[in-house]
Amino acid sequence: MDRVELCNAILFGELDVARRLLDSYINPNFTINGYSPIKMAVRLRDVEMIKLLMSYNTYPDYNYPDIESELHEAVEEGDVVKVEELLDSGKFINDVIYKKGNTPLHLATISKNLDMMRLLIARGADTDVPNTDRFTPLHLAVMSKDIKGIELLLDHRACTNIEDCYGCTPLIIAMSKGDTEVCRMLLDSGANIDYFSKRPCVTAMCYAIQNNKIDMVSMFLKRGADSNIVFTVMNEEHTTLEMICNMDTNPESESVDMLIADIALRQYTNTISSDKGFSRNMTVINSKSRLKDVFEKCKIELRRINSESIRTYNILDLCLKPSKNLDENILARHSRKILGLYDNAIFYKYLLKELADTASQRAEAIESAMRVIDEKITGDETKWNWLPHEIKYNILEYIGNKELDIASMK
């Protein structure tokens, strides 16, 4: 009876009813009068129903072992003209009745055929249809580090938070491959940095800390990953720190120290999102002498950073609120102070890095250009070398880094 009800829900486009039935563990891989649920959805060209069914372990090729499709085969062959002709003749562009449940867009992504991907998307291919393994085209592009393909899919609003059959989002896949560039692209396009996958029971941050991927942890923290967020696993609540300490992980890794540093930072700046999460984290920290020592050292380092100011802004505030960042010339004039804090920082280098890079690059560009100009202008026709150092510096502050570099090379 439930099977008939599912078929009726598909027939009438009742997504909520179909989802309720699938949640009650109905196996969608059956046929009635030669039609499986997925074949019905494809026949009706109901893309949302197709996506729903494919996300519940549907195998479109299970009952059709000798399946063939002119459209899919033309895509595999890279035959753009034939694909256009088939689409013009009415072939369904989001058809999953093929090997492994792949749509034409999946196949174009697998072969990294960017022109074919563009064509299919322009003709209405949905970027978020999962295949049998629940891989969307974005999952596949991330797996193969196809930067151009990833950019194309993200430009067309491919969803960044869909789980595959292993419970992994594209962000978790990119993180597991150590691919900082792709992680950045996904985060820029809206990937949820705190997305909790129930199947592997991890977030991207948890995975990064577990594998001590320092660059990833640094980027996630800078992007706002929440160290005090509470997740529910098997009806039990956990924070990232609790999960890490429950895994086969070295609790003395640099990545764990960075997590502790973020917990201390959120307390210091009064930006705790969850009192419950913070309380649970502090219970763990206070139970381990080394973690407690790290936490106390973090507070000392934060006080030191917060005690230093540039004009009316303390440096910690400048690091935390980029909108308040000062003009790069002002930062350059205080580069020694900023670089001194950066060099002496143990736990908060990731926080100071952008400020330190901006200050040092600008200061070096001005000083380097001044040295070159001083050496090249030896006569007194311009009176350049008569000017005090401060006046020269003020003049060069009006010139951008790129132009200063060009001037230095001439």
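Any Cβ shown, glycine's included, is placed from N, Cα and C.
What Swiss-Prot says about this one:
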REPEAT    33-62  repeat 'ANK 1'
REPEAT    66-95  repeat 'ANK 2'
REPEAT    100-129  repeat 'ANK 3'
REPEAT    133-162  repeat 'ANK 4'
REPEAT    166-195  repeat 'ANK 5'
REPEAT    200-229  repeat 'ANK 6'
Residue numbers, six or more beyond the limits of the repeat 'ANK 6' (200-229), whose CB comes under 8 Å of its CB atoms: 166-169, 171-172, 175-176, 178, 180, 183-184, 187, 193-194, 239-241, 243-244, 247, 249-250, 253-256, 258-259, 262-263, 266, 272-274, 277-278, 281, 350-351
Surrounding residues of the repeat 'ANK 1' (33-62) on its own chain - C-beta under 8 Å, 6+ positions past either end: 6-7, 10-11, 13, 15, 18-19, 22, 92, 94-101, 126, 128-132, 134, 162, 165
Intrachain neighbours beyond the repeat 'ANK 5' (166-195), with Cβ under 8 angstroms and 6 or more residues off its ends: 136, 138-139, 142-143, 145, 147, 150-151, 154, 158, 160, 202-205, 207-208, 211, 213, 215-216, 219-220, 223-226, 229
Helix, strand and coil totals (DSSP H, G, I; E, B; other) for the repeat 'ANK 4' (133-162): 16 helix, 0 strand, 14 coil
